[in-house]
Amino acid sequence: FLGAGKPPMYGDYEAQRHWQEVTYNLPIRQWYFNTSDNNLLYWGLDYPPLTAYHSFLCAYIAKLINPDWIALHTSRGYESQPHKLFMRTTVFLADLLVYIPAVILYCFSLKETSTKKKASICALCILLYPGLILIDHGHFQYPLSLGFALWAVLYLSYDWDLLGSVAFCLALNYKQMELYHSLPFFCYLLGKCFKKGLKGKGLVLLTKIAGTVVVSFAVCWLPFCTDMEQIMQVLRRLFPIDRGLFEACMFSSPPPRLANIWCSLSVLIKIKNIVSPQTQLKLSFAVTFLSLLPTCIKLTVQPSLRGFKFALVSCALSFFLFSFQVHEKSILLVSLPVCLIINEIPFMATWFLLVSTFSMLPLLLKDGLLLAYAVTTPAFLSACVASFSIFEKTSAEDLQLKPFSLSLKGYVSWFKSFPKIVRSLFLLSVTLMGVLSLMSAAVHPPQRLPDLFPVSVSVISCLHFLLFLVYFNVVILWDSKNSRSQKKIS
């Protein structure tokens, strides 16, 4: 794992271990504060309370096995083989208890996967998605926030709105980045309440949902509600707006190796040098909000489960491209909802998931995950080709673009050659990603351009994501199925 044996920070593995050390040995009131026993510059807690509670639970078990693993101060940089096995086991258990069951149940709940075989194939492709495997198990992260979010989608698909609200609150209280998914959840549930009528059943449902959210947050934050300073300190740790629009990943040198619009533009325009931090924040908020607005309005006016899943993709992608302080691995927050629609648009979903993994290549190379990347990515592509016959599903209708093509009227004839064009672009894209991957791993860049390959990966990935954003917005805004096929809400 990245940073192993390299003081003073050691890497993300050490971050997770250190959080266990802090939460077990210090009182709750000190978890998020800088003290002599809790140096926030050394992997200070910067995730919501549920992450801290999970760290405490893991620490309690670790203490029973070997107290040295979480000994205050003296355990820094602890990297024994038994401890590595313990930490890997905790990730696997999180997968086994939360994420994997949600994927399997979701796939078996889909109408499109009418047989057990089809549902199993769909689940296999989602679980083989290399981005999540490489980040959660290679970069060492826990999949709980994505797992809770997936449970929330599953509950909403059965119209269990209160359970869905609880599950999403858990996701948001585990990682604040789940805000990427928050607006689609809000707009979908609000739209359902509007449909039921805000003078009758809709008002009752809205009240129940609001109460559920308040209670869920209150339970998660209760130990920190002793005084306002505790709450404000946690919020300051969760949202460090003083860092500016973006910062170079701590594991890389400038320029930042991130496939969003701000980092890509910084190659040409040094935004951070010409715009003040406060203006950066306002600019980021404005662009993100404007890119989200059409999708959110459509979902509120025409709430449907299908529209909700596509909105999760579009809104998360807008956040990734335009929002404030984004990390490379945040693309997983877009990839999860893309996995949820892989059965509906297998060609575009597979393409996006390949690009999302490729976009993290500089981070994966730093992690020493080149071999894992080279194995899991072709395996995933092969599974999708074999399972969904993706190259046979490239017509305008298969890509959900028929309503849009009909609206073009005189240009409809152009769509006859559309499948061939799309397949050619896909093959060109995959070839480009393959060549850049090989060059990044095996070729030394010119001395004058030491960051040539990581910057190329970021810019090319960003261009892909911008095109995908346009595509998903077109599908959502021109989708007539949302209004025709949505369930009748009485």
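Heads up, the Cβ atoms here are built off N, Cα and C, so glycines get one too.
Your range for transmembrane segment, going by TrEMBL and the list 55-72, 307-324, is 307-324. Per-stretch counts of Cβ pairs under 8 Å to the transmembrane segment (202-224) identify 148-172 as the leading one among 85-108, 148-172, 331-358. Comparison of 85-108, 120-142, 307-324, 331-358, 370-391 by number of C-beta pairs under 8 angstroms to the transmembrane segment (425-443) places 331-358 first. Within the same chain, the transmembrane segment (455-478) stays apart from the transmembrane segment (148-172): fewer than three Cβ pairs sit under 8 Å, each pair at least 6 residues apart. Ranking 85-108, 148-172, 307-324, 331-358, 370-391 by CB pairs under 8 A with the transmembrane segment (120-142) puts 370-391 at the top. Counting same-chain residues at least six beyond the ends of the transmembrane segment (307-324), those with a Cβ under 8 angstroms from any Cβ of the stretch are 153, 156, 179-181, 183-184, 187-188, 241, 245-246, 260-262, 280-281, 284-285, 287-288, 291-292, 295-296, 298-299, 330-331, 333-334, 337-338, 340-341, 462, 465-466, 468-469, 472-473, 475-476, 479, 482, 486. Distant neighbours of the transmembrane segment (370-391): 121-122, 124-125, 128-130, 133-134, 138, 342-343, 346-347, 350, 353-354, 357-358, 361, 364, 423, 430, 437, 441; these residues of the same chain sit at least 6 beyond its ends, with a Cβ under 8 Å from one of its Cβ atoms.
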